[in-house]
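Trainee: Features from TrEMBL:
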type	residues	note
ACT_SITE	106	active site, phosphoserine intermediate
BINDING	32, 33, 34, 35, 36, 37, 38, 39	ATP binding site
DOMAIN	24-174	domain 'APS kinase'
Ligand SMILES: Nc1ncnc2c1ncn2[C@@H]1O[C@H](COP(=O)(O)OS(=O)(=O)O)[C@@H](OP(=O)(O)O)[C@H]1O
Ligand SMILES: Nc1ncnc2c1ncn2[C@@H]1O[C@H](COP(=O)(O)OP(=O)(O)O)[C@@H](O)[C@H]1O
């Protein structure tokens, strides 16, 4: 409901913030199965950007579900709402001039496309963290796959809930084959090519 609500123009523009921060802002939208490497890569990249003096921040599924989205579970409808909210929060970060990395499974193409539509051309960078279910299950970082196989967790992505691979991601990172450092370099190169970093 947006009745009786009028948009208030801010006096400092996004472009002015970007100029002060000496970078373009964007969202790096990491998507992939649980255990594929989203958090690891988002954090490694954030660390590198921080060291370089860039303004960067990570929004991570597990953490956001402790606070902002603690009312949401893992039904399709709850995942839709989870991603919708994170899309809106990411937009605020981008408006603030920051490079924001999000680490959410975000299993549905439609939800990712809806978030993409919130942004200007080039601001939404979808990164498919591609790792086989077999390898994710072998890693089983949090023991959740074991529980899902035992029927102790319902709607588990890849087991009892779908994961739709991105149709046309800006980047694909194969964490089966690439080291964390190589992946970070690949993303940094992309950001330089697109003149987000200079
Ligand atoms: N049913 C089920 N399915 C998938 N994942 C589950 C589930 N239950 C709990 N978890 C843990 O929650 C993390 C995924 O949360 P997300 O917010 O990224 O999910 S989603 O984007 O809304 O699909 C996910 O974190 P990651 O492993 O970092 O992806 C899991 O640790
Ligand atoms: N190339 C790689 N990139 C990212 N993670 C990797 C890679 N190789 C192995 N891993 C390991 O895989 C696990 C990925 O876990 P995590 O980052 O929490 O995944 P997700 O956030 O997608 O659930 C970590 O234990 C990490 O050390």
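Glycine residues also receive a Cβ, built from the backbone N, Cα and C atoms like all the rest.
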Trainee: Sort out the sequence-distant neighbours of residue 36 (ATP binding site) for me: same chain, 6+ apart, CB within less than 8 Å of its CB, listed by position.
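Mentor: Residue 36 (ATP binding site) has long-range Cβ partners 129, 130, 131, 136, 175.
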Trainee: Which residues of the same chain, at least 6 positions away in sequence, have a Cβ lying under 8 Å from the Cβ of residue 37 (ATP binding site)?
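Mentor: In sequence order, 129, 131, 173, 175, 180, 183 meet the Cβ cut-off.
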Trainee: Using CB under 6 Å from any atom of ligand 1, narrow the recorded positions 32, 34, 36, 37, 39, 106 to the ones that qualify.
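Mentor: Among 32, 34, 36, 37, 39, 106, near ligand 1: 34, 39, 106.
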Trainee: Suppose we screen the recorded positions 34, 36, 37, 39, 106 by Cβ distance to ligand 2 with a cut-off under 6 Å; which survive, in sequence order?
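Mentor: Checked recorded positions vs ligand 2; flagged 34, 36, 37, 39.
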Trainee: Taking just the CA atoms, what is the gap between residue 35 (ATP binding site) and residue 106 (active site, phosphoserine intermediate) in Å?
Mentor: 13
Trainee: Where does the mean pLDDT land for the domain 'APS kinase' (24-174)?
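Mentor: For the domain 'APS kinase' (24-174), the model's average pLDDT rounds to 98.
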Trainee: Under a criterion of Cβ-Cβ distance under 8 Å and sequence separation of at least 6, what residues of the same chain contact residue 38 (ATP binding site)?
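Mentor: Within the chain, residue 38 (ATP binding site) has Cβ neighbours under 8 Å at 30, 31, 32, 61, 103, 104, 105, 129.
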